[in-house]
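All remarks here apply to the structure that follows.
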């Protein structure tokens, strides 16, 4: 608590840092134990393009220590016609066109900064999403499906101003990144004063009261199931599963993950969808990103992903392959029985082992020889509505590799493609009728100190122009049941779709709008009045 209320670094230290770093987080920590991440998002972001909220609920539902609220991004790296494209003002020396994944690598290198001890794991960097189609810049895939959504392949915000809510000690760290945009040694003092002014502006904004509505649910006007549309109808989807099985029998792949998209109208705000999803399906990766494409069309990504693709912290590289699932039981005994059933399912175990081997192979490309190890194998982890078989594969980053190289080696997750990955990717282009968009890509950040935390974009909704799009898939093997696999896609898509549906029924209330029955004559009437 000794550092509360002190802007850091001071001008002299800032001058020293600026001599060898193009990005310096100027920050102020305040005690704000009455604030919540949602409240801070309302005050600082308000759903404007380039803003975000990232949170994490640990296994068991407890919220993790940090929540990250992005208030302003001076530039966003995205794509236009398959080429790198910047919105806003890109820093000097970074690619402004060409291969977008090269632009990610070169931007990280150009703005690489020191690691600041004692700060949260993320203070500056690129944050957003890389969609499934990004893989086409790393793999030779020549037959892409129809691009019906016309979504950018990626969108990564260059974080300028942000707040970090510390759930453990009740503080908020306000950060204004001083970014040397013109790569010049001039105007260093001016950059510090500008960052200090922005920190003070953030403080003023979180100190200003903002209406925080209290909400209740009204009965939904439309039935949930009736409001969902399948972009790929079930008979056609089942036929694709058959073709996937033929490829497995022919020895082309061991497994392939065939997905389909669901759609529905969305009249709710992205924040309300996130609020519902946060309440009903807390997961290790919770996020809302507000973005725009090169044509100025705004869209949002709201998600609740249980699965990391990969994290890099210093030299430590970690991935958590997840494969195999059961719903949570309604009682403790039922939950235990389902977990035992999952552990005993030979098909689930075989698929999981295959994906653990794939993760080991991916990490071996970028880690020190002999350092890749499985530290957790096929253990049941329970989430709010589902349980999974989870393993942990770790390695030590090779001296010649960086976080970008780890991303390239592991993207996309084998749990979303199948194995062997190269052939599975080509097979998916043949079987799926539309490009996947955000589904199966990643969301998260690459920071300028060299770390990375990327979640797989599943259990996520794309919200754009009054529509919600949710995609889900299931890994099939030779003896898979097609109807069961089809139902699995429905089950996996249910959480974000229900969040969209429920958010449309949220209604803000005031004391004057609350009504109560005039009299209560029996227990039955209480039930009726509250039903």
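The backbone N, Cα and C atoms fix where each Cβ goes, glycine too.
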Region 'Disordered' according to Swiss-Prot, located in which of 480-505, 506-531: 506-531
L-tryptophan binding, same site as 284, 285, 286 - Swiss-Prot member from 21, 56, 67: 56
From 299, 439, the one annotated by Swiss-Prot with 324, 325, 459, 473, 474, 475 for chorismate: 439
Cα distance (Å, whole number) from residue 284 (L-tryptophan binding site) to residue 324 (chorismate binding site): 17
Residue 474 (chorismate binding site) and residue 286 (L-tryptophan binding site), Cα-Cα, nearest whole angstrom: 22
Near-site residues: L-tryptophan, ref 56, 284, 285, 286, CB cutoff 8 A to centroid: 54, 55, 57, 64, 282, 283, 287, 304, 305, 455
Residue among binding-site residues 325, 351, 475, 488 with Cα closest to the Cα of residue 285 (L-tryptophan binding site): 325
Cα within 10 Å of residue 351 (Mg(2+) binding site) - qualifying binding-site residues among 56, 284, 459, 475: 475
